[in-house]
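Student: According to Swiss-Prot, the protein has these features:
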TRANSMEM  55-75  transmembrane segment
MOTIF     100-104  motif 'Histidine box-1'
MOTIF     136-140  motif 'Histidine box-2'
TRANSMEM  212-232  transmembrane segment
TRANSMEM  236-256  transmembrane segment
MOTIF     303-307  motif 'Histidine box-3'
């Protein structure tokens, strides 16, 4: 039933192990550099946050969104709607990334400005700002840790085998996993409990309950506004202007976040216990190239340096990554260059969903394993 994907043995030779007369790189080997060395390689100006520059990106995105809405309402034909929905959904995703930067504090040095802008941006696309910010902080603090990570965490073999066959098939068959984000906000992932909307959820410490309540209220206000607009205009108009673009945004979010932490062709280790460290966990992330979309969604594809140093503003991430690559060496996985649109990544998503099903219940360094029965059912 199970095809085991075994990791290479640990290497003491800067991440390499000898096999015959050649050396193979072992991505799970402790790196020969410290995080301070990576930090020192990044130019000082890359750490500087410019709130006016950050706000200019907000203005850019809001103006594009407003122009798209105005054009769609003015021309109102089905051909334009077919163009409008994916473009507007992509712009919703761009807003999410800017709100994400507010949550990290990379938007500005002002907590008040970060919170204000973050609430406006995230509430407008039905994301509870503080609830998501805090769970995402947990994700960054524990990236690559099987038991403590928060985003797209591998299922252990025990949890996987307790899923019924239909749940397994849906979870690992594209496009179904690309629609799970709203479910995650309400109930988290299999094996975890809690809601991003509940101030008393075990996701949050008591000191942050007030912020969670405020964000949930903002979310509810936006949701109520959409219902009100449906009554005074028409449900179909709100569906076309907002509903379908919202689901395009959700697909972008799940697509991007999954691929930054998975890649069957790249053999990414996951850790437990004493083998995990902040640096080793961060090095399991993957950069991706999105072609023309790269700038639209604010350089989120430069994910390795972002995960190690989330306080770096997005507009400095490309330069910071280039500066750090000589230190990272083979621990940095060079992304495949994209055509104008990143259709090549769909192949990687499908391959990973077909191969990366669960990890062992034991072991401090583990890799994804494949359920051969599920693999065959996906191909049938």
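Cβ coordinates come from backbone N, Cα and C, glycine included.
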Student: Looking only at the motif 'Histidine box-2' (136-140), what are its DSSP counts of helix, strand and coil residues?
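Tutor: So the counts come to 5 helix, 0 strand, 0 coil.
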Student: Please spell out the DSSP helix, strand and coil residue counts for the motif 'Histidine box-1' (100-104).
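Tutor: Tallying H, G and I as helix, E and B as strand, the rest coil: 5 helix, 0 strand, 0 coil.
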Student: In this predicted model, what is the average pLDDT of the motif 'Histidine box-2' (136-140)?
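Tutor: Average per-residue pLDDT within the motif 'Histidine box-2' (136-140): 96.
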Student: By DSSP, how many residues in the motif 'Histidine box-3' (303-307) are helix, how many strand, and how many coil?
Tutor: 5 helix, 0 strand, 0 coil
